[in-house]
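Enquirer: My questions will all concern the structure given below.
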């Protein structure tokens, strides 16, 4: 045996109240008093073991120092997997620490030492009203127990901090020690009320109350740290008395009898700690069969430490006057051969044993087998749910759980092997987020030859790591890796200019997912660029000629803001206005030409700004230009009409920023001369092509023509007397909006279906989807018709309820079900409910509930990624990466309420959008979260609605307000899919049985 006291392990002379060795054996933690607050220090175990490392200045002794506790730290305990460090102090708090990616190398405030590792509190547990004196992790880290001078023991859920599982009340004095049964059936606590109590983990009620050995004891110790033997047979208490002498009482598991004790200490026993290993050794001199036993270390206020073997009647080792003050804590290493103990005098002692002295540790597997033979399977390790000890009362539920276990066992045979990824409780898994990192970046060239690299998205990195790696004394040698980068650079032989988007290869090869909103933004080839113009863009950039090999690659028209300012002037200001340069909107025809032909620009660089905008360099005439010579500030370019091949079109969402004044004078749509729009046909049919030609002069008359063709063949045409401002259509009809605020509706054969619909002003939004037509006028009034039924779904509803004059209408969309969606510059999306006659909000990017929600773990595993209008709204707007754990540190109850509120809003939004796939997905996620949290009241209400009436009431007419179908889904079929989820929480088994039986009786 080696015994030494490392003098460099200290808290600057302050007391050290607790010590604990990390499970990997490379570090240990001490907790105690700092200069002005509680202090926790993580030390390197290497210099304690090896004198060479102690003398090596390059080997750090202190790894990290934390002083977040406001008062003295009374206890520190590592979790059994080494991932967490729990600490409790006089500030009534329990803190859970975890390694952090950041902060390594920072200097400790008030000292010259640096933190080699970075640890930060990921959870702060508030539940005690007094000083926390002791902590204990259960087997498997399922539960964490803390005891306090408030006479209570709080059981925390180790998988869902800061959730409280139970609060054990019964002690009438300060609770100074707590320990777990290694089998998982009990937890024991010792208090100043002269009692040791054993509690059941099944129902958290008291199993036994042992008081006899403690009748003569007084409250003279700072702590009473009892411990349970690794074989589960005995509890060894701290301070007890036998014939007025201090002892450590041995309490047998069988009938909780207190017949034996450890004697020899002259003052009260403060701490007992069993070796975690069961040892075996031939204790008889003549050999024989090895005997199995446990090893126990006992510390006392008499400053001595004794080591006992349960197979011997006397202690193996006794060290006297090891410290100048009372021993407060003891810790064994996971190997069972090393021991650390600390004292109130602020020092630490290290004892190193050999297998010849203590014995040979039994393999862990053999120990678990012996425990299973004696006590049955470990309740904590078999199932980590808090309801593991409940009896399954329903045969149907038992069969369901057995079937689920069989499916889990067969999963590796059916699915390909995948690397196991440890879950992080305090962060959201990236697999649940809608944004995925990519390993490919796009590289193109601009017109002047410079490279343009599209940035790649990097996945969010959580602040905290998993369990720390064993600390090595040697420095890490950094070497360059021969492995090439996994990021693929795709170089495209394509020239891009400002305002133009160079489509990646995936844009025109990847099919548009179902449910993705489509708009009328048209994509054209360079040859056909003159005839196909975006309906929502009022200017058309001239696309430079591309190489022959790229003529089939579509270009995406950019969206530009529409200038709605009126051009009004006074006669007295005519001379001054003639000398001002006319503004050229962003994205006009001159912009791409200047980038495409730099030499041409250089030749004109000496011309004035006014002459640059005049063709052929001719000087501009003085005075206001004639109306027909003015450059259009908005509207479509006057270009000849050319037939367009269907393969030239790629439909995608477009964003058009339309400023709205305080009176909601929205900018109107306009077609200057010609415009073409392709209308997708029915499945298996050729799409239609609608072409507009305005301002056709016939003598002194002006006409406007709408032409429809299919596959290059003329079908029909209509002549209108008012200028066509916008055109839209579907496979069922074609619609036009005219300058005189009228709307015309035609069938696919060219027959006018309705008389002209007169609006209050010209249209600013004009969309058709199926039989539904939506129009928003310049004054901000919404109209929606179902042209199949020839009825108005929404009549003259003003947008002033959702937007002001300062807001902008970023995007508008009409779903196939006839639901209008408007997205504003405030990053909020709205829709109108005709049945309720009011607006509703569908999505808010700044909604704190979505950032605080903890529902990601409740998303059904193996669920197919859904697509729909709600998913499109959420994915189209960039969301910040927040962690629910970092935003809600105030308590589990607030996070639970936030998660429930967010899930309920998602279910309601899916119902409003009439999206059955999204409704089913969010309803299943919502129910799964309620089951996990055990919220029976809400679950019962949902099940009642899905089940409906089981029996008809006698004497009633048979009419009922309950609807069997919702969005085309059968409610009872949905309930049949939801009920098996309740099998994961046995506390809800009666609820499962109740509705399962009723559902079977109905069907």
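Numbers run from 1 along the shown chain.
Just so you know, glycine gets a Cβ as well, placed from its N, Cα and C.
According to TrEMBL:
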- 423-440: compositional bias 'Polar residues' (COMPBIAS)
- 499-510: compositional bias 'Polar residues' (COMPBIAS)
- 517-540: compositional bias 'Polar residues' (COMPBIAS)
- 577-591: compositional bias 'Polar residues' (COMPBIAS)
- 635-644: compositional bias 'Polar residues' (COMPBIAS)
- 1-211: domain 'CAF1B/HIR1 beta-propeller' (DOMAIN)
- 750-946: domain 'Protein HIRA-like C-terminal' (DOMAIN)
- 405-440: region 'Disordered' (REGION)
- 495-551: region 'Disordered' (REGION)
- 565-644: region 'Disordered' (REGION)
- 869-888: region 'Disordered' (REGION)
- 66-98: repeat 'WD' (REPEAT)
- 125-157: repeat 'WD' (REPEAT)
- 168-209: repeat 'WD' (REPEAT)
Enquirer: Could you count the residues of the repeat 'WD' (66-98) that DSSP puts in helix, in strand and in coil?
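Expert: DSSP classes over the repeat 'WD' (66-98) add up to 0 helix, 18 strand, 15 coil.
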Enquirer: From the DSSP assignment alone, can you count helix, strand and coil residues within the repeat 'WD' (125-157)?
Expert: 3 helix, 20 strand, 10 coil
Enquirer: Within the same chain, where does the repeat 'WD' (125-157) have neighbours whose Cβ lies under 8 angstroms from its own Cβ atoms, ignoring anything closer than 6 residues to its ends? I mean 6 or more beyond.
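Expert: Sequence-remote neighbours of the repeat 'WD' (125-157) are 71, 74-81, 83-84, 86-90, 92-96, 163-169, 171-180, 182-184, 187, 189, 191, 193, 199, 201, 204, 222-223, 225, 378, 380-381, 384, 386, 891.
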Enquirer: Within the repeat 'WD' (168-209), count helix residues (DSSP H, G, I), strand residues (E, B) and coil residues, in that order.
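Expert: Each residue of the repeat 'WD' (168-209) counted once, the result is 0 helix, 24 strand, 18 coil.
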Enquirer: Note the mean pLDDT of the domain 'CAF1B/HIR1 beta-propeller' (1-211), expressed as a whole number.
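Expert: 91, rounded to a whole number.
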